[in-house]
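Note sheet for the following structure.
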Number of protein chains: 2
Amino acid sequence: MGVVGGGQLARMMIPPAVELGVEIRVLAEAEGMSAALAATAVGDYTDLETVRAFARDVDVLTFDHEHVPQAVLRALVADGVQVHPGPDALQYAQDKLRMRERLGKLGIPMPDWARVENAEQLDDFIAEHGGRAVVKTARGGYDGKGVRVVTAAAQVEEWFLALDQDGGPDAGALLAEELVDFRRELSQLVARRPSGDVTLWPVVESIQKDGVCAEVIAPALGSAGKVAEMAAQIGTTIAAELGVTGVLAVELFETTDERILVNELAMRPHNTGHWTIDGSTTSQFEQHLRAVLDLPFGATGHRDPWSVMVNILGGPVEKSLDEATTLAMADHPAAKIHLYGKEPRPGRKIGHVTTGGEELDEVVFQARAAAAFFQD
Amino acid sequence: MGVVGGGQLARMMIPPAVELGVEIRVLAEAEGMSAALAATAVGDYTDLETVRAFARDVDVLTFDHEHVPQAVLRALVADGVQVHPGPDALQYAQDKLRMRERLGKLGIPMPDWARVENAEQLDDFIAEHGGRAVVKTARGGYDGKGVRVVTAAAQVEEWFLALDQDGGPDAGALLAEELVDFRRELSQLVARRPSGDVTLWPVVESIQKDGVCAEVIAPALGSAGKVAEMAAQIGTTIAAELGVTGVLAVELFETTDERILVNELAMRPHNTGHWTIDGSTTSQFEQHLRAVLDLPFGATGHRDPWSVMVNILGGPVEKSLDEATTLAMADHPAAKIHLYGKEPRPGRKIGHVTTGGEELDEVVFQARAAAAFFQD
């Protein structure tokens, strides 16, 4: 299996590849990245010849991220390379305007949205939605980047200016969305095989800080009934209708009036699924491998009644990473500590902690306390 | 961390190294071995300069096997290399006669045994023990090799002849042991840090076929009381008194008259501990890493009431490894299938399956049924 991109998602595919006897190779952006252990090539994933050379010796190509250009993906498919997820599906994860248009046709519940090509259109949208809107660049955003809450079009003036200079087929527009009055954020993780099988993990609750996933509670509280059913239905429909192969994360808003709305899609293992490494019979990374290799799916049940994942972000820390790790391990022997082999920088995701157990308050406390050693 | 030896034990250290952010390097015996993904060097582990060159760039040296010669180990220690387990401990795993002598001094319960230097001494031992004995070469045996049940010294004639040609400090003798009338075989897995901390997993039952571990049931049935206490006491004593650093497996006989006797020692992760990857909060491989890096230990509780591991041996199989994997996955979605990246050969350990759950009969059935796809 070849993975384009050498970040932590590629890194976390290594353990299940080792366990399942799958040979894994990574095309990394640079030396010394998170997935360096499996990196057999270093190069630019936007360059067709680089990716083509890497793909020559693998049976299946998959991804650490969604940024490989459509032109490259389509050339690889034309070469006969097995690409999962394929370009037809990936376009909806690469372009938020296309995603909104497509989900709209499928009748998937979403926030109100509009394609806005200029300041006038955006100001109209803001006026129609209580004086506020969420504005997103169609492409290239992640972890809160390319997303802004505004009360006037002037607040994203430079994004409109950049559009004019872009010139691509989808250039010329931003995505405006209503600011949803949500109770909480949920995430529905799904995996789909090329042969069509779909499997799901129970819907989880994701707690964001500054636009970045900070904490995940699995399963989402009180999710046994209607909420879980709606989330599962939405996830299954999107995976099947968009032809996703591999893991799909559907980020959802649960509104105060008890609707479930699709916020974002990610067609790869996702931060809201890291808890599955320790908390589910089959992790999202193992399932992604099984999916892209078209192997039968593993069971997705919870191993503990509750699992909690807390991200470890780099910050202004007095102690070294080794010292923090030692202290966290000493105080929290049952916490599963995951580090991505990255140098800590303020706000950078460098790892995560997962805990599991029967009492949610204790499970949350242990995960937060273990992660805190890396931030204090 | 540097690992000498590129077999499946080194391979199974890769996932926890990846999870914990530990850089792992392997000195493999050849290209294409199980741990090839982490192999940064290929060479002869009996050659001091080869091992010395490998050790130069690692902080801690540990092992996939116990076969690195004492002279090499002691030279590395003299160089200042952190070697875990160290040569003082490893000698008892390398030489069964030394092990018996040392455990005898510690008062550890063992089968009757004797150092036999010639056929007469062995025949005397056989006569004193009901006409049968187990004869073992002091060194180099594993998985039933170097072990023979005999009724007369003539049945190991070639071993005595080989002794005469050996000439090393421990040459000149075989180990004779009484054939123990045992009810079952147990294994006590222990880990010890250089700083002295010791941790244990619950004692397990190991079912051998043709001298090779075939199946492990964790915990051992009916082991909550005295048996578990005795096994834990023996394991802790041996780890501490022999100064073991890393994982230690103590293979035990439970006799029909309810004694616990030490059969063998292994100073490394062990086949009877593979169930811990899926069945314990901390696997033996993660704990071995924590031990040799002198990090605080992880919790060793069971994740399921019962875990069962069944080895996958190569055999005369109609289908390919890929076909067998696909069939096993399809029928047993909750089974954890582990493959070592080895070409199947009759009798060769190429992987294992672990299952877990609340009903032992179901857990055993699932593990055996999944493994059977690889052997039929």
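Each residue, glycine too, has its Cβ placed from N, Cα and C.
The feature ATP binding site is assigned by TrEMBL to B:Lys96, B:Lys136, B:Glu177, B:Glu178, B:Leu179, B:Val180, B:Glu185, B:Asn263, B:Glu264. For B:Leu179 (ATP binding site), the count of additional Cβ atoms within 10 Å of its Cβ stands at 17 [all protein chains shown].
TrEMBL lists B:100-293 with the feature domain 'ATP-grasp'.
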Chain-internal residues near B:Glu185 (ATP binding site), provided their CB is under 8 angstroms and they sit 6+ positions away: B:Glu205, B:Ser206, B:Ile207, B:Gln208, B:Glu251, B:Leu252, B:Phe253, B:Glu254, B:Asn263
Site of maximum Cβ density within 10 Å, from binding-site residues B:Glu177, B:Glu264: B:Glu177
Secondary structure at B:Lys96 (ATP binding site), reduced by DSSP to three states: helix
Diameter of the ATP binding set by C-alpha atoms, the set being B:Lys96, B:Lys136, B:Glu177, B:Glu178, B:Leu179, B:Val180, B:Glu185, B:Asn263, B:Glu264, in angstrom: 18
Cβ neighbours of B:Lys96 (ATP binding site) where a neighbour is any other Cβ within 10 Å: 24
Model confidence over the domain 'ATP-grasp' (B:100-293) (mean pLDDT, whole number): 92
